[in-house]
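J.: My questions will all concern the structure given below.
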């Protein structure tokens, strides 16, 4: 093969060799020795790569797109070929009449100018599509909103904006506007000017925009912060001339309150109490001062002796664990697998046994439901009881007022001999705190910055 190629090269190099293509010279057919180039480097790709065939192919494709509007291989046969049926027969023309003045003659003057033909768009390539013309801002968000609205409409849910429009009163444009009646009109309607409800003399929208109609008060503001009454009625035993049993009941309640206070004070005293045997004496004080100064060598030696023996024992107790053999490892692995299988079987058996325990399961579920209902009732009762209790509105806790009660020997038979108990102002102040209208407060403590200086006036000196 190599010898035949060499013979061909020698024949082409001889003078007088003729080629079939006159444009091709014999020297072009002689293949020169290929140059070895390293294609691993990027700078040699374009330098030693022959891409002429690729460029010719791309130029041919662009030429077809400009002239025909696409590739010829994709065109239909009807657009590329036509059927030649010969020249059409010429119809005998009548003798042309004489040219009329004012009309231009058809011919070279009716053809378009050369400059216009040059400026015409001769390429059949479609203009590029303007991508920005098809883009919409927040298109993805709007599409999601539209899909959500369609789902809600399919479920029958009306959006809030449409609901507002539906609830809004429709104004009849054809009807005449309501005119304010004159004060001197004897046929006008009468209404109570001191009544609670005001008379609307216009459209609701107009009155709302002109601030002539009051804003609807929220229902939350109509709720009272506490269910307690403003004035609590005192127990029957607090009367100036009470019944014996009712008075004893009031004394018992006051006694329980005092017992609770006493219990709190005793608990605080127990927490602050200390053992009198632990009080410091002169001997203990001296021992603490001298501690560490006296040398106790004998005691240290006695302590060190057993410590050394203990160290030796601890060192001797350390044992090196033997390395497990392959047989032991396999046995442990098999036992582990058996244990897992046993647990799996046991779990499956328990699940199967649960099928025969449906009656007991139903009973337990029923008991749980009853327990839940009892807890709900208890929680509801607790919430109702909390409504009557004062809430924590500030950093201070509400302290109830002391009970106003008189002993049996302090009772008076008439209002003249009755001794006043408590203060009306303090009672109202505590009532406001208890009903969560104001937060619990304390009287501000007055602290004098400068000492009071007593000066003896001259007029007093003269008298003394």
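For all residues, glycine too, the Cβ spot is worked out from N, Cα and C.
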J.: Of the ranges 246-275, 366-395, 396-425, which one does TrEMBL list as region 'Disordered'?
T.: 366-395
J.: Under TrEMBL, the annotation region 'Disordered' belongs to which of these stretches: 73-92, 93-112, 113-132, 133-152?
T.: 93-112
J.: What range among 27-46, 47-66, 167-186, 187-206 does TrEMBL record as region 'Disordered'?
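T.: The range carrying the region 'Disordered' annotation in TrEMBL is 167-186.
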